[in-house]
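According to TrEMBL:
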| type | residues | note |
| --- | --- | --- |
| SIGNAL | 1-28 | signal peptide |
| DOMAIN | 220-509 | domain 'Peptidase S8/S53' |
| ACT_SITE | D228 | active site, charge relay system |
| ACT_SITE | H262 | active site, charge relay system |
| ACT_SITE | S457 | active site, charge relay system |
| DOMAIN | 824-889 | domain 'Peptidase C-terminal archaeal/bacterial' |
| DOMAIN | 942-999 | domain 'FlgD/Vpr Ig-like' |
Amino acid sequence: MVRSPSRRCALTLFIALFLALPGVSARAAEPPPARAFAPVQLGYQPNAPTVAAHVPGRVLVKLTAEARQAATLPSILRFGQPLAGATTGLAAVDRVFSDAGARSLQGAFIEYRNRTEGARLGLDRWLILDFAGSMPASELADWLSRLREVEAVTFDYIAFPAVVPADPMHSLHWGHNNSAQMLSYNWTNFNHETGSPVGTVGFDANAHTAWDGTQGFGSSSVRIAIIDSGVEAGHPDLLQVTGFDFGNNDSNPDDDSSAPGHGTACAGVAAARNNALGTAGIAAGCSIMPLKVANSAGTMTFVSIQNALTYAADNGANVISMSLGAAITSDPATDAAITYAWNAGCVILAATGNENKSTISYPAIHSLVIGVGAASPCGDRKRSSSSTSELNPGVSADPNGFTCDGERWWGSSYGTTTQGAAGAVDVIAPTILPTTDLLGAAGYDASDYSKWFNGTSCATPYAAGVCALIKSKNPTWTNAQIRDQLRNTAQDVTSVESGAGWDRYAGYGMVDAAAAVGGGGGPVDQVTVTAPNGGETLASGSSTNLTWTSVGSFTTVNLDYSTNGGSSWTSIVTGTPNDGSQAWTVPAAATTQGRVRVSGGTATDLSNANFTITVPSGGYATLPYTTGFENAGAFDAFWSTAVTANGRVRLLTTNTPHAGSYHMVMDDATSGSYSQTEARLRLNLAGQTQVNLSFWWKDFGDETQTQDGIYFSNDGGTSYVKVYSLTPASFSDNTWRNVVLDLDALAATAGLSLNSTFVVKFQQYDDYPISTDGMAFDDISVTVPSGGGGAITAESESNNTSATADGPVGTGVAVTGTISSAADQDYFFFDVSTAGSINVSLAIGSSADLDWFLYNSSLVEVARGYSTANPEVGNYTAAAGHYYLMVDGYQSATSNYTLTLNGGLANIIQPMQKDFAARPAITELLQNFPNPFRGKTAIHFALAQAGRVDLEVFDATGRLVATVAHGDFEPGVHKFQWDGRTDKGDPAARGMYFYRLTAPGFRETRKMLVLE
């Protein structure tokens, strides 16, 4: 008999013991620390001011789809239009907003044109909260991330600048035509003007030959969006179209902040005109769309960048150039904006960074963005000095020393060693070039032009200009074709660090404008997908023809398909004849983001837009159903899959299946970008009862997301209810475990009836591939019992005391006991040797209200008698195994009782159950169960009022060991599991521990004992 030292109230209904902490999926990554920043354009600066990594007093919050629908927000949210009252109408969210000192609340995005795509990406669910309280943004983000209404939280990161014509400065431009004319930086006089000529003749972008092509200097109808500090209005050397100022939220994108010049210089590198003035950009005939993201103080924030990307996509930009970045790997709001722009057809480029580091900056690290590094004129990546005394703050020394240009204080950051990965460098492009400057003496130089604009800030718009030339030459090409053309035609770079072929330092190599546009040479390999090319709806299992056209000498092609818009690919066929057509049986993978890719020679193309794959209705499995995914690695007809972003659902032989050769694996193809993966099993459960769902499951990493779990639908998958949480953080990685769920009981609790269109969804949400994250499922079965009574083996009470409530507990054997105080609970256990129905009867010896609770061997509650009836009766269809039964008094009730278990009897009609959601009268911390324990224990607490709660575990010395719960909770009874591990993941040592509940107006500590 377990006796608790304080009063306690009865437990409300719970379905499963393994519940995730609320909102863990939304938790924002810790922002990078403030950094010392010295723009490379201002030369060597050993000391520099410290700049915050994100805007203080601001967070971005993404509501879940359900919360957005329940909120009292306008149907259309607009950036720059604060909402009255700074409230959402969601009580839990508004309470945290209020506690933080909410000052204003607005939509995070401008009104975008493609409502369907915006809704798919969740742009309408992002909010900007500005707050005036003293709470750090990271702490507020942590609180918000724990709310069930919040899908994601991030910060407003600050971006840092990365930074044969007749024009008079053209002869200085080594990037167009390298004749070893560049003057290296003179460290005696601290300038280039007195330096010595350097360079490798011919190491350039072959601009002269490129301009001889039919596209010339490019078409004025091709628009290059410069997302930066703004562009000098009225500069005579720039052809500009309408833009916008997102830093100050007005229509004037003039480069007029307190830190001007950077955007104007970038614009000139890309497209300064061929007009006998100053210098000419690589795409001198193309237009500039100025999109200012700097505010009046010169700060460039990611909220402004997100809206600039959306504006560019909606207003005809063909190429987007971003000479900026931050030391992060992902930002969910900006990720959505990048995807929106990519799906609108924009080619997107960003700078890798000037820190000479082995990780490139964001957004260059994004899979849909071309990461551009900087090239030195002597045939290699721009490197920094090997001496730390010659570096600007934050720059890493290079073991190979500085390059011939002499600018020792910076180097071009390089990326991962995996070719084509999101974090890899794509190409390098010229830097330290002449370009346009602010008119007059206000810019980098005291004239309208700057001779030595440097950094990856310079390389990025140069590469963007080459993309604009490709688009001018091939106006029907897609962004993917242009990206592939830029990569595939780049000049290989070999140097002290770069070997032959692709490498992490120079990527595919130095951009080659002539090869990219075909510059008067032979035909460049081209391939164009013609079907499916976007907008089609294909039925799984049907046959369709994939078609394409091509130019070039290649005789075979490879075909692939994607179910996530091109983020990851599955092979259809390799080395098939290049005859323009291939029959394809559409896979059973439901998606609205289908794409097909054809690759041949040096060319690659994919569908211009997404198409849809549907799984025909009517394919519902009857019981019993089992699968081990052994059908040659293919799903059977009753399964469909769906993913977002870079998610993958695959049947693999690797990573150790539970049994057989295959298992189902869910993960993310790209590190640092969150995706949701779903696998749906369709079942005909009409007329079924006592249905069990069994599956084997393991995780590859220890991150728990609230989206992870099992979901049910009885409308064919139109809507789902989550019924069971999968919590990787609670278990050892790469360890198979069996999960058995009472399907009809869970469905009933969720308000769902069993019918002919029932769907079980297995869902996972993460941001890393296998080995870091992901899940696997195997040997899934849905069955009903074959009948027979549950044979109950008598055993004694679990804590082995000598009280009258000690066993035996067996078939038809009455056991007497007494709940003698508000702190008393009686526990029993027994074994079921044969699966079947178990009936429980609790005869109460007075008018008091006693209840019983039945747990399986995993301490998951499977049944209860929780009414006001006497006797308190109920039944459960039990699989063979070990069970626990607890007798408890409701609201401190006491009484003697007689408990009887029977196996194999007819179902008992259960009385109406009490209100499980009743508001507790008092706040209480209950004794953990089991106690003592090995492995896991359950901790319950009751809240009489809503508020912030901490449930923490301390060792005998008072040191904090683990945080079990932390966040805002509504009134009610809450249950959590502690897995016996510290916050670092180490097993807790044997001994006495204390667990403490801190809630509004309440604090209590209890003891528990951990066994070996």
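Using N, Cα and C of the backbone, Cβ positions are placed for all residues, glycine too.
In TrEMBL, annotation is done automatically, which means it is predicted and not curated.
On a Cα basis, D228 (active site, charge relay system) lies 7 Å away from H262 (active site, charge relay system).
On the backbone, the CA of S457 (active site, charge relay system) and the CA of D228 (active site, charge relay system) stand 10 Å apart. Within 10 Å of the Cβ of S457 (active site, charge relay system) there are 32 other Cβ atoms, across all protein chains. According to DSSP, D228 (active site, charge relay system) sits within a strand segment. Between the active-site residues D228, H262, the minimum number of other C-beta atoms within 10 Å of a residue's C-beta occurs at H262. Sorting each residue of the domain 'Peptidase C-terminal archaeal/bacterial' (824-889) by its DSSP state yields 0 helix, 47 strand, 19 coil.
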